[in-house]
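Swiss-Prot lists 442-454, 1374-1402, 1637-1648, 1781-1822 with the feature compositional bias 'Basic and acidic residues'. What Swiss-Prot records for 466-478 is compositional bias 'Low complexity'. Summarising the annotation, Swiss-Prot assigns compositional bias 'Acidic residues' to 513-522, 696-711, 1364-1373. Taken from Swiss-Prot, the feature N-linked glycosylation site applies to 146, 385, 435, 469, 474, 1274, 1660. If you look up Swiss-Prot, you'll see 1-21, 432-522, 693-718, 1350-1402, 1626-1658, 1765-1851 marked as region 'Disordered'. For 130-168, 230-234, 359-544, 1146-1154, 1201-1209, 1257-1461 (among others), the entry in Swiss-Prot reads topological domain 'Extracellular'. Among the features that Swiss-Prot reports, topological domain 'Cytoplasmic' is placed at 256-261, 313-337, 566-573, 653-1124, 1176-1179, 1231-1235 (among others).
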């Protein structure tokens, strides 16, 4: 038995309480005491590791023991809860971006609509695609047949028929070819794009040969089925063949099964599926006899394409495993393979068409010149009497007259009628689909039609036009009556142009070539009348078959898109699986109904289809009773059932949200004849790694736990998925040497990414994994702080605690309930505080007030009901570190940076954690290359600022984006500024518009250029890549580097990622709040940093655009052009605003433009001069004054703009631009309903335009030589310290502090570059004058000499040594020449460095640990490896830079030159632009562009001279157009184009955000009622929610109403009942503190059952409720039980103490004898009882707990813990009896005092006898573990006997 020391902190000030526990959880002492040596050295792994452990040192000083004993006794006597302190102080309501109930309800409705729309669209598009292709196949099969059509063309006869010639039917062969080739052509285009613009692998010869063979066979089978089978079969039969395409998958399915106890049953079902699919060989159907066996061959060849999806790497057959691994390699080179195979498959389809179609259609007809052009068709009507013939002739003549009068309205009595009537016979144009019924022709009728056709052709050649009436009864001998001659194509086009609205609707042509066809078209009559029949010749609509192809291809693509969308948003069951099952049955229903209607109504569907086009229906009428009795239909039913079984994986999806298509589908292409079935078979069967709960262990679990189980059983459990909601059958995993040993979930660098040239991009495919736990998401939360306020610190800490709570719920769900959560992650938090130390009067560092402020906020941020455990503290090479264990057992490390030891600033803090977390923990500790790659891809760094506020759901959304795309290097969320004041209001609108338009545009058309450091998620594999982290650690050398590297470090890091080929995305659904600058000066200083760094990074990106476009798939040359345009608009923005103000003043006040120019120029010129000559405070003061004046002037601009609109009209360019901008903002706000309030400060934004877009850029560029931070510049060092030790300030970590007089600060809002036409700017401080530089340098040199002398004197006085040689050198240095003085200055710097090093060595770097409150923390020492890492890291990258006057002067000169160059170019460009526009405006009459829209019409009266000397007034109408200067017109069009691009990109981005939100929304109504779920399903579906309720603390986690408090009270009161903590997997207990009690109490039920775990202590819920009603008013002032050091331990107590029977009895008594049915609520909601009060839930939890933890000797652990608990029972059991009255209260206080005295005495006794007792326990339990099964009973008896004796002694 081993012992471990844990720290527990009681509420209130004072040191911590130290307890020593044995490995089995028994408390042996209550204070720190020297333990036996054999107990101090051993520390085997533990299973429970929620608290960090510290192995006791070999020697514990007596002073430490006495101090600990005194502290513990003082805590025992202290009163934790004062009964009179019942009043509560509630924290203020959080200023958060709330999503209320209405919003959640709206999401529920929206998801329901999406479900319905997806189902209907997928099902409808799949049915339409199949039916449209089948109708094309039916049209091909009609060649040479005479079919019946709708009698609307010749209504005089009840039956109309038409003969379909082969030439007319040839177009359907080409239509079928196009239909099946379009998906292949799209696949070719996609593969070609990936091959050209992405780095993809090419196939080897064997790989290409295998894929080539398979795809060729598949293409031949598909082509043969379409061209040889479908045109000759009945439509229902052809539709049924879609379910017989699974033969090869059915054969591979049983070969891919893994070993499990369900394997026999699965093999039986697989065999049935094989028999069903093989029955296609004997299926007869309606296929012609010669094609009998050909159907089975075609379906078999088609099904071979999906073999890759049905071979599994975990198969029990080695051959199947080999092919599975080979298939994974094939998928990596799929793009380059299909660049060749897609065109090849189109050639195979063409070969099949020419091979199987010519028996029906000759080659000559297939190769005709225009197969899709207009064709002639003859409509016949037989068996007509004379009256019917006369009626037909009269109708035709009337149509001719009508057509003639429409063309020649001026001719009243035509001498000869024009016979061009062919397109005027039918009413309406020919539609895409027209009616037509097929009727098999008789042989006699075919002969007669041929003879009539020959005679008719001869007659037509003899005579054109005229009406010859035939009276003979023999139609074969007499000349028929003919209608007018059909017009030529030219004439028909002319008639169409004249507006004729009557078109021909049938299709016919003779068997002749193109020349004969032209001649025939000119000679064929429109109609012919015979003795008993008539003929009507008409032209069809051109390209009608092409339109049908487009409909079919569009349906296929729509089906594919909907299916992919359903899989991405986790709606696969409804959006894909259900349509796959129902598509063919619904299609059969529709066809059966249509065929039945067609048999009775020939005009059925005539409005939607061509007259002659219809499916080939069965000859016999369709009846459902006969349908299911026929053998082919029964076989089809077997096919359908077998396909449902083969595609059962569609109903069990395991993919993550928003997964890429490469992760969802194997091949990616689709077959046009059966789109949904090809998608179903192509959908991946294993799209996510199977992760076991035993493998999901954190890194500390792996270090503490391990080893085999005690009973030697290595079998594990397959766990339920919390996402799917279905219980997976438990199956043992194969025995493996690593089974049972948790794997360290650390991360590693990607070694394969070292060069970047040989990196293989598999499109997001998951490779072979060394361990399934390596794919678990791990998040490092890294926050940088400087001088944040207490409120800002509290917001950031509360966000971390929320993340801690969420992670703990998911961890406990998979740890205790054995449910694997797909969103599970591991996280660890780090906070880096810059300049955390200040010097005291002795020159020793100690933490400043901000560190103390942060420590005070820790307990406050945790909650008001609990305090954190005692943290650990240590001294490091960079200062110090404080390590906390959060309430839900995750770790938080606070790194205190000493600027004398390490460089300060945010960028260097980021370099610290990049190298520590990714370099040290990954590269140094993980050696396997594949594991490094996998861990690096699944490890992320969440960067935070010290004032950010966010929810865990926002982090999940960013992780979803990371999982979707492996090439995604960073993702950022939507930043919301918070605070108060006008500046915050302005920033809210600015942030909103910037995110809505600018960031969304960057995301859609390229990459986001800046992922703000206040809330962003970075991928580790991207950060550790070449030229990223290493280049990020580069020290600034050039002036441009100081602007790019240090002023905008977040943007620069994203630039490095883009240049390396990674993508940066923006997630609008992930919200984070941050404090924005509230003052004018702070805002200007912040933007003074942002604008130059933004421009510098954009310029750097544009310089390297060739490399970025080449390596980055997301950046194109068009995106580079967009950024170039935006850069130009930013530079010319101030000039544009200047001109706008000048024009507005001129119009508003009706003054000359020159005077308005002078008015505006004067203040702007004064401000520019001030920025170049005066100090920062003067500049900011003048900026406020001028900005206020311009804001007041902007009110006149509003009037001027209104007048301009009234003058120029609503269609003027200025009006259009203004309304477009306002409309885009308003519509964007409507699409962001939760952010609509951000649109309200629009007026303030308008008033601030001159200040923010004209003055701010000038201020930023004029102060470009100032590189201070500018925000939160509070003095952090006391005046005494700075006065005495001013020289130490020179030893900071950067050279930048010497370039200005202000302290560095930290970025509060890390979001840059917002959407506006003009970019914002930043604020620098004033540069020193050139004349002052030399004087300052001389003074600095003299001060340094004096300082060195003082330091030498100080060392001599303190007895720390004296160096006379140094003084001699200093004296000699003053007398040297100028050259010698320079050399001496360098030597002085070296000597100063040595002195500085000695100073650091002489400092007491550990003394601060003895100060308050650090002396109460637990001191530890870093391990040697980490200490060595920090020393080497600081020495190489982070060593403080010593001051160098020459270097400082050089950099300052460079910054001044950079400032002068940029300002000169900036002012020159804007001045030239202003002059050009103003001159063009003044000379607008000479050089202008007339605006075509909105001409102005003016009416004037003029005096006109009349006859006789009299004048009169006349009206003159003058139309004028706006005259625009060319430059202004170009800029308006330019900005409109940018706005249109941004608006369009915003729409697409909103759709992506909608997809993300829908995928993350859980539909409440989709969950089955609780009473309908089994107990296992209840736990599996709601595991995380159950854990949240069990680990919740009332009053902390949610604000409950009184009814909800009553409902949750039994659960909350249960936490006060003590129960042994280690009841899990039989390993030792870590954190079970069992304090003593003075009197006997508690429940003695603990008997061990032979079949289950011992019953936990039963809690009297009715008594608890009564006590709760008495003490409820006092609970507001009580603190949480300090014995529960983490809420994770509280959850464990509640989990093992749950009892469904006690809760049932409690509810029975509380409801007047009526038992409440808590399961009848149906769904989980706010008004429903918590899940943990549901008796079925508790019963399921009990059953699962007993099953999971009843293994071997584990079942005896609870009994031992309960027996030993009687020795030291919890004193909290009596707390519920307090508060009944004052007298009883005073009596209890006396009893409590006696009890505490007894506790002290017992504690002293236990301190003395603790080691012996613990040693005895270890011996007994050691024998129990070593003994066999026969000896354990005896040993257990001895243990019980010993425990009973110990219990008596304790009593």
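The backbone N, Cα and C atoms fix where each Cβ goes, glycine too.
Ranking the glycosylation sites 146, 385 by how many Cβ atoms sit within 10 Å of each one's Cβ puts 146 at the top. For the topological domain 'Cytoplasmic' (1176-1179), the DSSP-based tally of helix, strand and coil residues reads 4 helix, 0 strand, 0 coil. The average pLDDT the prediction assigns to the topological domain 'Extracellular' (359-544) is 55.
Distance noted between the C-alpha atoms of residue 385 (N-linked glycosylation site) and residue 146 (N-linked glycosylation site) is 22 Å. Sequence-distant neighbours of the topological domain 'Cytoplasmic' (313-337) (same chain, 6+ residues past either end, Cβ-Cβ under 8 Å): 190-191, 194-195, 198, 200-203, 207-208, 210-211, 252, 255-259, 307, 662, 666-668, 760, 762-763, 765, 767-768. Mapped onto three states, the DSSP output places residue 385 (N-linked glycosylation site) in coil. In the topological domain 'Extracellular' (1201-1209), helix, strand and coil residues by DSSP number 8 helix, 0 strand, 1 coil. Taking Cβ pairs closer than 8 Å, the topological domain 'Extracellular' (1146-1154) reaches residues 1196-1197, 1199-1200, 1203-1204, 1478, 1481-1482 in its own chain, all 6 or more past its ends. Secondary structure at residue 146 (N-linked glycosylation site), taken from DSSP and collapsed to helix, strand or coil, is strand.
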